[in-house]
Amino acid sequence: MSLYDDLGVETSDSKTEGWSKNFKLLQSQLQVKKAALTQAKSQRTKQSTVLAPVIDLKRGGSSDDRQIADTPPHVAAGLKDPVPSGFSAGEVLIPLADEYDPMFPNDYEKVVKRQREERQRQRELERQKEIEEREKRRKDRHEASGFSRRPDPDSDEDEDYERERRKRSMGGAAIAPPTSLVEKDKELPRDFPYEEDSRPRSQSSKAAIPPPVYEEPDRPRSPTGPSNSFLANMGGTVAHKIMQKYGFREGQGLGKHEQGLSTALSVEKTSKRGGKIIVGDATEKGEAQDASKKSDSNPLTEILKCPTKVVLLRNMVGAGEVDEDLEVETKEECEKYGKVGKCVIFEIPGAPDDEAVRIFLEFERVESAIKAVVDLNGRYFGGRVVKACFYNLDKFRVLDLAEQV
């Protein structure tokens with residue numbers, strides 16, 4: 001028997017009416033939500049043509065699946081199959097493969113290095129192009145490039161030509177005459193006046209036979225020339241024999257009245273495979289003129305008696321050939337002798353072509369100026385022979401540049 005058995009307990013549904021209404025409302029809401037979920041699921045199953053979404057397994061997909069598996073069925077269904085509001089139901093979101101990840105290394109350093117190398121390569125190409133353009137302008141202005149003891153073109157051919165000329169002048173081995181000349185020599189009559197002279201005295205002798213002496217003092221003769229030069233130009237005893245058969249005697253000209261050549265012709269080389277024939281007398285005259293010119297010019301010992309810091313270069317370019325690059329190129333070329341303080345180009349109007357343009361170089365040391373004069377005097381520049389000497393330092397500083405040297 002309980003404590004309150006004697007009390008009457010009224011049982012009525014009015015006190016529980018509010019709770020039952022709320023419960024019924026909850027049940028109705030759950031049913032509506034369940035119906036919406038089932039309807040959406042049925043629509044997705046009908047769209048069989050849509051591809052399944054791609055899942056990136058490397059990005060912790062297992063933890064997401066495990067989380068979804070632990071959730072209730074209706075919540076898991078909502079998480080697995082969300083329908084975005086901004087996309088249609090048929091679109092599928094695929095994550096990008098190259099999505100930026102700050103923890104993952106990239107190619108930034110390689111790209112920067114490649115761009116730096118490309119810029120450096122472009123600068124090198126531009127510098128090389130500028131050098132080539134400068135060399136091209138220099139070659140267009142001068143026939144020979146830079147300072148040189150002799151012109152650059154055909155230097156190898158000139159050396160070969162000089163070597164062959166020295167061999168001929170040394171009187172080397174004689175070339176055997178053709179058999180036709182030997183047979184004619186044997187068939188000559190006994191009374192032929194030059195038969196004995198045409199035959200060599202000995203087989204081992206390579207020098208030419210001296211001409212016969214005649215006892216005719218009144219006979220006019222041309223002045224005798226140097227014997228060694230003729231024999232060297234004639235190429236030895238064979239050519240001498242052939243000329244003697246036609247009546248040639250040393251010091252006399254060919255022909256009946258001796259008006260022909262008294263010395264052999266020679267060839268002067270003009271190009272790689274070309275040349276011109278010059279008379280031996282003209283060659284000897286030209287050599288004599290060259291020797292006289294060399295003797296007239298001031299020797300280097302006279303130039304070096306009064307050295308200064310200023311060097312004067314003449315005959316580098318002719319009148320009207322001065323351009324804007326000449327000063328820079330000359331200064332750069334002379335930097336190898338020592339530091340050049342100043343380079344001045346002065347042109348004298350009305351002067352001869354080899355004296356019109358003067359180039360002054362002021363070195364910081366006298367030793368550098370002496371090196372420049374010794375090395376540059378007599379060199380070729382653009383087909384011209386450079387004249388180098390010293391100039392008064394005081395007159396150079398007051399710009400008195402037209403003094404006679």
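Cβ coordinates are placed from backbone N, Cα and C, and glycine is handled just like the others.
The N-acetylserine annotation in Swiss-Prot covers Ser2. Residues or ranges marked as phosphoserine by Swiss-Prot: Ser2, Ser155, Ser169, Ser222, Ser266, Ser295, Ser297. According to Swiss-Prot, the feature SUMO2 cross-link maps to Lys15, Lys24, Lys33, Lys41, Lys58, Lys256, Lys276, an assignment based on similarity to another entry. Taken from Swiss-Prot, the feature N6-acetyllysine applies to Lys21, Lys41. According to Swiss-Prot, the feature region 'Disordered' maps to 57-88, 114-233. Residues or ranges marked as phosphothreonine by Swiss-Prot: Thr71, Thr237. Swiss-Prot lists 235-283 with the feature domain 'G-patch', giving sequence analysis as the kind of evidence. Annotation source Swiss-Prot lists domain 'RRM' at 310-389.
Structure with Swiss-Prot features highlighted.
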residue: Lys21; record: N6-acetyllysine; Cβ within 10 Å: 10
residue: Lys24; record: SUMO2 cross-link; Cβ within 10 Å: 10
residue: Lys33; record: SUMO2 cross-link; Cβ within 10 Å: 12
residue: Lys41; record: N6-acetyllysine; Cβ within 10 Å: 12
residue: Lys256; record: SUMO2 cross-link; Cβ within 10 Å: 7
residue: Lys276; record: SUMO2 cross-link; Cβ within 10 Å: 10
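Taking Lys24, Lys41, Lys256 as the recorded positions under consideration, the smallest Cα distance to Lys276 (SUMO2 cross-link) is found for Lys256. Taken residue by residue with DSSP, Lys24 (SUMO2 cross-link) is part of a helix.
In the three-state DSSP scheme, Lys256 (SUMO2 cross-link) falls into the coil class.
Secondary structure of the domain 'RRM' (310-389) per DSSP (helix as H, G, I; strand as E, B; remaining residues coil): 22 helix, 27 strand, 31 coil. The two recorded residues, Lys33 (SUMO2 cross-link) and Lys21 (N6-acetyllysine), have Cα atoms 19 Å apart.
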